[in-house]
Amino acid sequence: MQRAVPEGFGRRKLGSDMGNAERAPGSRSFGPVPTLLLLAAALLAVSDALGRPSEEDEELVVPELERAPGHGTTRLRLHAFDQQLDLELRPDSSFLAPGFTLQNVGRKSGSETPLPETDLAHCFYSGTVNGDPSSAAALSLCEGVRGAFYLLGEAYFIQPLPAASERLATAAPGEKPPAPLQFHLLRRNRQGDVGGTCGVVDDEPRPTGKAETEDEDEGTEGEDEGAQWSPQDPALQGVGQPTGTGSIRKKRFVSSHRYVETMLVADQSMAEFHGSGLKHYLLTLFSVAARLYKHPSIRNSVSLVVVKILVIHDEQKGPEVTSNAALTLRNFCNWQKQHNPPSDRDAEHYDTAILFTRQDLCGSQTCDTLGMADVGTVCDPSRSCSVIEDDGLQAAFTTAHELGHVFNMPHDDAKQCASLNGVNQDSHMMASMLSNLDHSQPWSPCSAYMITSFLDNGHGECLMDKPQNPIQLPGDLPGTSYDANRQCQFTFGEDSKHCPDAASTCSTLWCTGTSGGVLVCQTKHFPWADGTSCGEGKWCINGKCVNKTDRKHFDTPFHGSWGMWGPWGDCSRTCGGGVQYTMRECDNPVPKNGGKYCEGKRVRYRSCNLEDCPDNNGKTFREEQCEAHNEFSKASFGSGPAVEWIPKYAGVSPKDRCKLICQAKGIGYFFVLQPKVVDGTPCSPDSTSVCVQGQCVKAGCDRIIDSKKKFDKCGVCGGNGSTCKKISGSVTSAKPGYHDIITIPTGATNIEVKQRNQRGSRNNGSFLAIKAADGTYILNGDYTLSTLEQDIMYKGVVLRYSGSSAALERIRSFSPLKEPLTIQVLTVGNALRPKIKYTYFVKKKKESFNAIPTFSAWVIEEWGECSKSCELGWQRRLVECRDINGQPASECAKEVKPASTRPCADHPCPQWQLGEWSSCSKTCGKGYKKRSLKCLSHDGGVLSHESCDPLKKPKHFIDFCTMAECS
């Protein structure tokens with residue numbers, strides 16, 4: 001994220017009438033933050049990244065705390081700005097895990113020791129002001145009253161005077177704090193606009209895992225193309241509406257609750273600047289980011305939780321932090337791994353890590369960088385990390401923005417967002433320059449779409465486990481913990497104070513500073529923190545001053561519920577089996593005030609337009625998609641004609657089967673031309689499964705998703721294998737050159753031709769070749785071999801070839817051939833005898849043996865294997881009487897029933913043959929002699945020993961022999 005600061009930081013001279021002071025040219029106002037983001041706007045009050053101008057009033061007040069009996073609520077009363085402000089507060093620390101740990105690294109003792117855990121959970125409250133439902137408050141009641149509240153368009157920030165906080169901390173609820181150290185500073189301001197930039201260039205699609213920097217000269221973001229949907233996809237209809245989203249790979253289109261377990265790390269600069277209040281400050285920042293991720297515009301159920309906090313007191317014990325943002329990120333990513341237990345079941349295991357630093361971060365050319373993150377890496381333990389420059393409470397927005405990048409969100413003005421966001425590109429959380437935040441929809445349609453598709457493609461499976469001991473986040477508004485003076489100090493340094501400006505109450509925080517020795521007011525164009533008092537019974541919420549009394553209307557969570565299923569969308573294909581969708585939205589009601597987002601299936605899909613497509617010269621649907629890119633490939637590779645694209649199947653990972661991977665015909669280069677094939681495209685040539693939104697889902701041979709129907713060996717969908725017969729054979733001799741083995745006819749299915757090379761040899765000097773019906777070679781012709789695995793498209797059928805150098809050279813095809821082809825063997829040199837076997841299935845004609853025509857007939861199946869390989873065995877086949885519908889019948893004439901058994905293998909079995917004894921191994925004394933043992937076929941051919949009966953194998957083919965005694 002990058003700063004965008006108007007000329008002079010929006011400075012103005014400090015005069016007696018601050019309300020009439022003129023604003024610097026180029027200053028902008030920031031619109032109100034959504035009611036649900038009551039914590040977020042307060043944190044934005046002191047930003048130097050996405051700044052806002054403001055004018056404010058201030059008064060000293062004495063808070064009156066009272067515990068409401070029996071209701072678990074606390075009432076806070078303030079008298080200021082000629083009004084009474086009554087805040088009704090409830091404990092709210094939902095973003096903290098109960099058993100979180102805080103460790104201090106590198107204390108002077110040199111050891112890493114946990115601090116004694118003080119219970120911060122009881123500090124944080126949220127609520128309403130003066131009963132106004134549009135008001136909001138977020139306060140901390142520890143060590144005084146700190147935070148912000150929002151009432152009637154004005155934001156209020158309250159903070160104890162330095163000496164008062166300790167005395168106030170000793171006051172019990174309902175008891176007035178001791179005098180005289182009881183004063184708090186209460187400021188109010190009006191709502192304004194925010195301006196800010198995040199200068200990442202988003203012009204091109206981004207590969208997942210590329211580092212993303214928030215400096216426009218430095219960064220490139222990345223995303224997984226496989227995780228994207230196409231804007232033309234029917235499933236995108238309604239994106240930008242309140243649609244329930246979120247899923248994992250195993251459950252397509254299912255909205256599931258995600259828990260982002262987080263480790264917060266503060267470096268030495270943070271420890272020195274914030275002191276003992278650091279932990280509370282970090283949790284306050286994170287509570288705002290967590291509330292942003294609860295807004296329904298993100299279209300997912302996401303909970304940010306803290307499981308661990310590390311505070312580094314000795315820079316030698318932590319990652320190297322420099323002004324180089326990219327280097328700091330890399331150092332931190334490498335360093336944080338040592339603190340992450342590998343098991344996701346460990347209570348301290350985290351999914352992402354965030355480093356906070358006061359170091360001024362710089363990009364390649366400027367030092368306007370506020371944050372940096374790796375993109376699309378939320379479940380990568382080595383790269384799920386972010387670096388945030390702490391420039392005040394508005395660093396909460398930087399945190400939410402950088403986590404958005406970790407969730408694979410691009411900037412809203414990126415090219416891939418244009419069709420989703422339209423002209424509204426700068427009013428959402430992922431805007432490269434934030435201005436006029438859309439309070440009703442802080443997340444853009446593109447951000448919701450990108451995180452949904454990212455999770456839907458299985459990239460968030462580590463987020464499914466519920467944290468065991470999350471740290472409770474503060475429930476009070478940040479403005480109640482940090483008044484305007486403190487917010488100015490966070491942003492502009494310890495000497496800065498708040499500049500009252502009634503015209504910008506709640507909307508923009510103005511702070512003192514010097515320019516050329518002149519005292520001026522300056523701003524970073526962010527509103528006051530939520531919870532800052534803006535009048536009697538009022539406080540700042542979302543840049544507006546609102547009544548505190550209506551807290552229940554914006555603070556009570558309302559859980560979302562699914563609406564009705566919508567109509568089915570258009571089919572993705574006009575024939576051949578497409579996919580269509582119906583969706584439902586989480587709008588009955590839409591969740592609000594941090595209520596739960598809908599969980600469960602949000603999208604249904606089904607098959608459509610199942611009829612066969614007209615023949616397109618035998619081309620498959622995937623071929624057509626590859627060819628569609630030919631016209632975009634005018635530039636050739638080197639020289640020659642333009643590229644012709646054909647599908648690539650061989651060597652493609654199963655997870656990439658639904659990407660459109662095409663190779664240049666005749667060249668071999670291959671590219672991912674589209675992140676997804678059209679829905680309904682078969683996942684592979686030998687599979688009936690189809691692609692749906694870039695994922696392979698099961699479908700039957702009838703092209704219906706989730707159907708159990710399969711092709712039988714005959715290529716018949718749902719058949720029982722009785723309509724075809726097996727043809728098999730072998731070749732064990734061949735002369736040099738090309739010679740035909742078998743011509744496989746049209747309609748043949750499940751073809752397999754294989755040749756196993758001799759052990760230790762890459763080949764035997766003989767190779768398989770294929771010749772098309774027109775006599776042209778489609779494999780290994782003209783004495784040119786294809787050594788690598790490849791897929792050959794032949795009239796719409798894919799022939800899979802292992803490559804000539806494989807130990808088992810093999811050709812396979814599963815679909816029925818549309819034209820015959822001839823298998824040949826190419827023999828070269830002094831080749832060993834080939835060992836080629838082939839099998840395929842062809843349709844057989846049904847035989848009828850009825851003398852008199854009847855409505856039933858004897859139907860036979862193929863003969864089974866012979867029971868013996870020699871010396872007379874038996875074959876069996878199934879003979880059934882069936883009617884004209886193929887159902888079992890009993891009317892067939894038994895006198896003409898075909899035989900169901902027959903003799904086979906009536907030739908003699910191979911026999912063992914012993915040779916003559918050899919000479920004795922010794923010429924004198926005792927030696928040994930041996931004789932050869934062969935296995936011979938019935939025609940005298942020598943066979944391997946495995947062909948003869950091992951039980952009859954002679955045992956005496958070596959023996960002792962005794963010659964004359966040696967002299």
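Placed from the backbone N, Cα and C atoms, the Cβ positions cover glycine too.
Going by what Swiss-Prot states, the Ca(2+) 1 site holds Glu261, Asp351, Cys462, Asp465, and the candidate of Asp344, Asp360, Asp476 recorded there is Asp344. When you check Swiss-Prot, the disulphide partner of Cys613 from the set Cys571, Cys575, Cys658 turns out to be Cys575. Per Swiss-Prot, the disulphide partner of Cys367 among Cys362, Cys379 is Cys362.
The disulfide entry in Swiss-Prot for Cys598 points, among Cys586, Cys608, to Cys586. Stretch with the largest number of CB pairs closer than 8 A to the domain 'TSP type-1 1' (559-614), among 258-467, 854-905, 908-967: 258-467. Confidence in the domain 'Peptidase M12B' (258-467), given as mean pLDDT, stands at 90. Compute the center of the Cβ atoms of Glu261, Asp344, Asp351, Cys462, Asp465, which mark the site for Ca(2+) 1; besides them, the chain residues with Cβ within 8 Å of that center are Tyr259, His349, Tyr350, Cys379, Leu463, Met464, Pro467. Packing around Asp465 (Ca(2+) 1 binding site) is summarised by its Cβ count: 14 other Cβ atoms lie within 10 angstroms of its Cβ, all protein chains included. Counting other Cβ atoms within 10 Å of each Cβ, the recorded positions Glu261, Asp344, Asp351, Glu402 show the lowest value at Asp344.
Counting only same-chain residues at least 6 apart in sequence, those with a Cβ under 8 Å from the Cβ of Cys462 (Ca(2+) 1 binding site) are Asp344, Asp351, Val378, Cys379. Each residue contributes its Cα atom, and for Glu261 (Ca(2+) 1 binding site) and Glu402 (active site) those atoms are 15 Å apart.
Put simply, Glu402 (active site) is 22 Å from Asp465 (Ca(2+) 1 binding site) when counted between their Cα atoms.
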